Structure formats: C-alpha cells, structure tokens
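Annotated in TrEMBL:
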type	residues	note
DOMAIN	3-188	domain 'L-asparaginase N-terminal'
ACT_SITE	Thr12	active site
ACT_SITE	Thr85	active site
DOMAIN	203-318	domain 'Asparaginase/glutaminase C-terminal'
Amino acid sequence: MKKILLLATGGTIASVEGNEGLVPGLSAEELLQFLPDSTVGVKIDGKILMNIDSTNLQPEHWVTIADAVYKHYDKYDGFVITHGTDTLAYTSSALSYMLQGLDKPVVLTGSQVPISFKKTDAKKNVEDALRFSCENIGGVYIVFDGRVILGTRAVKMRTKSYDAFESINHPYVASIHNKEVKYHWKPISDQQTLSINTNLCTDVFLMKLYPGTKPEIFDCLKELYKGIIIESFGNGGLPFEGRNLLAKLQEMTKAGIAVVITTQCLEEGEDLLLYEVGRKVAEQQVILSGDMNTEAIVTKLMWVLGQTDSLEQVKEIFETPISGDLTIPSDKVD
Ligand SMILES: NC(=O)C[C@H](N)C(=O)O
C-alpha cells in the first residue's frame, strides 16, 4: 500500500466562516475526514505546516514546505500539499527550484469552495491529488479540476470558477477522469538524486509597464532591489522616446542590478529581436525569460540570486531550463 504525506497549509479548502469572511481553520486530520471511504487503498498521514490564506504566504513559507518534503522524503511514496489558490502557482514554482531531482510526485492542490460546504470542488481535488501522488513520476505538480499542470507552468486565470488554473506555454501533464490518470506529457528525468537548496534572495521587484511609466521610478528601485523583472508589452521592449526607459535600463545594469525582461502577454513569450524597441534592449546586459510565466520568473530570480552575486552566472543559470520552466526555441514544435 502506498504511503502519502498530506501537508496542510490553509487556503479556502481549509476555511470556515469567520466574523470577517472566510478564514482557514481546519487541521490536516479534519480535512481528511471529509474524504469518502473510497479513498482507501492509500495510507495517508496528515501534518499541518501553517494555516493561512495564501495571500499571507511569504517566501519563508516556501522554505518551510520544501524542508518538510525533504525531511519526510524517504518515508513516503508521494506528497500532497493543500494550499490557497491565490499564490499556489508561486509556491509550486518555488518548490520546483528548491527541490530538484525528485523521483516522487509532490502535488499541490486547493479549492475555490471550502471542503466543509455542501457543494464544493475540494473533495474531488484532494482525491485527484492523492491519486496522482501515487503515480511513478517525479516532480512538482498542481492538480486542479481534473487537470495536472507542471509546477512551473501554472497560472491562476479565474477567481471563482472551478477551472481556476491553466497550463501556459506547456501541455497539460495529464487529466484525471473517473479516477483514471491519462497522460499527455511526461518529464525526461536527467537528475536522479534529490537535492534541496532553499537559499533565496527576496530583493526582487516585479514591474508592469504601462504607457507613461516614469523613468525616475527606477532610481528608487535601484536602492531597494537586486533584481528587477520588467513585464513589458507584446514581444518585449522599452520606450526610448518620450519617457525614456532604455536609458534607465543602462543605468540599472551598470549598477549591477539583474534585469529580467518578460511580456504582459500570457502566451508565446518574449521575442526581443523582432522589433527595434526590443533589439535596443537585447543589446544591453539583460536576462531573457522566453516563454516562462511571471510566477516562475519571480521565484527563479529569487532562487538564482540566492545562489550567486555574479551577474554573468545569474544570466546563465536563469536562462537555462529548470523543471520544465522554459522552452528553448529548438524544442518548439510548429
Ligand atoms: N481559493 C482560495 O484558496 C483563495 C484563498 N484566498 C487563498 O488563496 O488562500
């Protein structure tokens, strides 16, 4: 019989009605009591790590979760982490960088409606997550609404609907229907032994550009952050006329700030070489993010800056795919 460890962290799934709205309140054992008897066939131990709305979740909590998986790794066949949906994709990405070489599934799930409510998506999601955690597959995954998404590729797209998450720029790993797992994609495992590296540098800022962004904002950011992610427009680029951000970019990279360029478009990623506005940026010491999603970019930059201060190394590690986070152009199928 497979042994699974369920790590509870809070979120809507564990929430109850409080005086000021929904608030996490159920323990891991209480969550498990809501599951039907048909979940037999698996031995599940439950452990609560924190009981918070994932809006309150911080990078330090990612470390707590990674440490818990690592500590219990040899004793279990798989792991299910129940979590709020709002920052779930950040946690799944962070875990994908901190825990590499997994040969067992680490499965995150949550729900849009608390498990104690009559009509809820929680029971199905936890059951599906438990099912997937028994598979012979390594890596970090999100299981939600019958779909399995690679941990570095999920984006929360909807605030209320059950199909809250989409897999962006990557195939769904599998779908789960009537208790059956049907694969659409499988990872190529090149590293066999599990390694944990939870060093993070959280001095990372995410800026969304809009027409009219003031260049002076970068003077403040330069003092506070070691890494800045610019969500630019379309294929990527910065204005060099009017409010000139290109000149500021040069100042930032000279000051040793790691600047990552991405796009506000969810699908297909940046392509800086296509337009003049992008090429002028590509000529600078910037870091490219290809088709990575913002959740993966933020957590990867924190993780890479936690490993090295050398800008060349930051660029090299960041631009190398980890845990399926980035499609290198030769991998793309037209
Ligand atoms: N559906 C949810 O879980 C939302 C909740 N606010 C959370 O992220 O904790």
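Using N, Cα and C of the backbone, Cβ positions are placed for all residues, glycine too.
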Distant-in-sequence Cβ neighbours of Thr85 (active site), under 8 Å, six or more positions away
Gly11, Thr12, Ser54, Gly110, Ser111, Gln112, Phe144, Lys156, Ala164, Phe165
Looking only at the domain 'Asparaginase/glutaminase C-terminal' (203-318), report the model's average pLDDT.
97
Write out how many residues of the domain 'Asparaginase/glutaminase C-terminal' (203-318) are helix, how many strand and how many coil, based on DSSP.
45 helix, 19 strand, 52 coil
